[in-house]
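The annotation domain 'MTTase N-terminal' is assigned in TrEMBL to 3-117. Residues annotated as [4Fe-4S] cluster 1 binding site in TrEMBL: Cys12, Cys48, Cys80. Residues or ranges marked as domain 'Radical SAM core' in TrEMBL: 141-370. Look at TrEMBL and you will find Cys155, Cys159, Cys162 tagged as [4Fe-4S] cluster 2 binding site. According to TrEMBL, the domain 'TRAM' annotation covers 373-440.
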Amino acid sequence: MSKTFYIETFGCQMNAHDSEKVIGTLEQQGYARVQDEDAAGLILYNTCSIRDKAEQKVFHRLNEYKRLQGEGKKFAVLGCVAQQEGEKIFEKAPYVSMVAGSASYRNLPEMLRRLEAGEERITGLDDRQTELTFETEFTARSNPHRGYITIIEGCDKFCAYCVVPYTRGKERSRTAASVMVEAKKMVDLGFTEIQFLGQNVNSYRDPSGRMSFAELLVAVGELPGIRRVRFTTSHPRDFTRDIVQAIDDTPTLCDHIHLPVQSGSTAVLKAMSREYTREWYLERMSWIKAAKRDISITSDMIVGFPGESDADFEETITLVGEVKYDAVFAFKFSPRPNTPAVTMADSIPDEVKSERLRILMDRQREIQRTHYGRHLGEVQEVMVESYNPSRNQVVGRSSQNKTVNFSTAQIVQAQPPVGSYLPVRITQTLPNCLVGEAIADAEAMPLVSVQGGLDFVVLN
Ligand code: 5AD
Ligand code: SF4
């Protein structure tokens, strides 16, 4: 087998970051990454099973790989569908040699050696009860300015609809010391933004008992060189006031909290085993809204959970109006294997789910149309992500995680380097983004040099 690999990744940020660690581990083992599956000796497929018959899509994709098997290539299925379907994958796609869930990745070097020795049925599926996390110094981060750090793996919440506790195993936190070491290394490499990752980051418990989640946020935010710290995703159950306080007190902590509510109806929340009520959630919202900073709030929602009545759904709509989210990611309920909800009758017809989804998204778009208006005239710090030549605009991101498209007519550099930070005056607001002009205000926002790029220069 040639020591080249091609990897395809689906799913959430956790999966994207897992792939960065897998890539780093493979490269450390002497493998070279290629961008074309035809050129690869090993094809890895990092899968997601959160919604919508995900396993069928995986098998469909594996079927397409079949044509490549005659060429001596090897195949590995990783991630959530691998964990969920296990050895069934070997039965349905016999040309696959390795099936491994995320809780087993720390054994990858050993699994790779077995693969090279010609073993054909390698599994990493038994680690869901592990207390260990996957810590590697060989993460191949794809963006040189902004990078993820996993602070907590797995999930013990067991929401009735969710596969994650079954696919990613028990909840386990890394030590604060090890997170700090990784963060410092990233700063030394030139990263200015760090994003903490976990299924429930705010359930973080430092095994050494040294730091709370909020303290860890502040500690990383205070590292010299760090400009932004984000975290995702949070669970309302464990959301504490000190997180809001930390954001208020620490300018580098981004003013954005993603706090999925899932439903506005206490009855549906109960059926979902979310273990909070609408009122309890709204109390957390009031903490966030009482902050000195304008903290952006976003959420995930599920429509059509078994038993959701018209009145329940209406409560979701009124909640959206009350909170005024900056973004809502809404999904139709889809029954997932192994979850408690799979045995509840999927009682809401698909047309009703679709209709509810449409109503929710329309309502949310209206809210964003007016609510984004609060930013008009503000000067926001924007991190440059790319350049859009057709519109002659730079595309960047605000601390609140909003997309900002801006022109550079007032400053020297038409295409400021990716990863630099600029002050931008907001001149127009749209439902999904802000539009503005970079301004020459070096005093208000000190300039940074970015690794490998030019110092950004503005006219005075
Ligand atoms: N059906 C629909 N949506 C789901 N989510 C998780 N599981 C399901 C499911 N079975 C949504 C939740 C979660 C987001 C990542 O995906 O809203 O917060
Ligand atoms: Fe998909 Fe959930 Fe697994 Fe992420 S944790 S890859 S969203 S199933």
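Using N, Cα and C of the backbone, Cβ positions are placed for all residues, glycine too.
Shown on the structure are the features that TrEMBL records.
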residue	record	CB count, 10 Å
Cys12	[4Fe-4S] cluster 1 binding site	16
Cys48	[4Fe-4S] cluster 1 binding site	20
Cys80	[4Fe-4S] cluster 1 binding site	28
Cys155	[4Fe-4S] cluster 2 binding site	22
Cys159	[4Fe-4S] cluster 2 binding site	22
Cys162	[4Fe-4S] cluster 2 binding site	22
Checklist line | Cα-Cα distance linking Cys80 ([4Fe-4S] cluster 1 binding site) and Cys159 ([4Fe-4S] cluster 2 binding site), given in Å to the nearest integer | finding: 16
Check: From Cys12, Cys155, Cys159, which binding-site residues have a C-beta atom under 6 Å away from some atom of ligand 2?
Finding: Cys12
Notebook entry, point to check: Going through the binding-site residues Cys48, Cys155, Cys159, Cys162 in sequence order, which have a CB under 6 Å from an atom of ligand 1?
Noted result: Cys162
Margin query: For the [4Fe-4S] cluster 2 site (Cys155, Cys159, Cys162), what does the 8 A shell look like? I mean other same-chain residues with CB within 8 A of the CB centroid.
Written below: Lys157, Phe158, Tyr161, Val163, Val164, Pro165, Gln199
Note to self: Could you give me three numbers for the domain 'MTTase N-terminal' (3-117), the DSSP helix, strand and coil residue counts?
What the structure shows: 64 helix, 24 strand, 27 coil
Margin query: Between Cys12 ([4Fe-4S] cluster 1 binding site) and Cys162 ([4Fe-4S] cluster 2 binding site), how many Å separate their Cα atoms?
Written below: 14
Check: Any idea what the Cα distance is from Cys48 ([4Fe-4S] cluster 1 binding site) over to Cys162 ([4Fe-4S] cluster 2 binding site), rounded to a whole Å?
Finding: 12
Item checked: Distance [Cα-Cα, Å, rounded] between Cys155 ([4Fe-4S] cluster 2 binding site) and Cys80 ([4Fe-4S] cluster 1 binding site) -> 13
Next item on the list: Count up the helix, strand and coil residues in the domain 'TRAM' (373-440) according to DSSP, in that order.
Entry: 3 helix, 35 strand, 30 coil
Check: Beyond Cys12, Cys48, Cys80, what residues of that chain have CB atoms within 8 A of the centre of the [4Fe-4S] cluster 1 site's CB atoms?
Finding: Phe10, Gly11, Met14, Asn15, Thr47, Ser49, Ile50, Ala54, Gly79, Thr167
Note to self: Tell me the coarse DSSP state (helix, strand, coil) of Cys162 ([4Fe-4S] cluster 2 binding site).
What the structure shows: coil
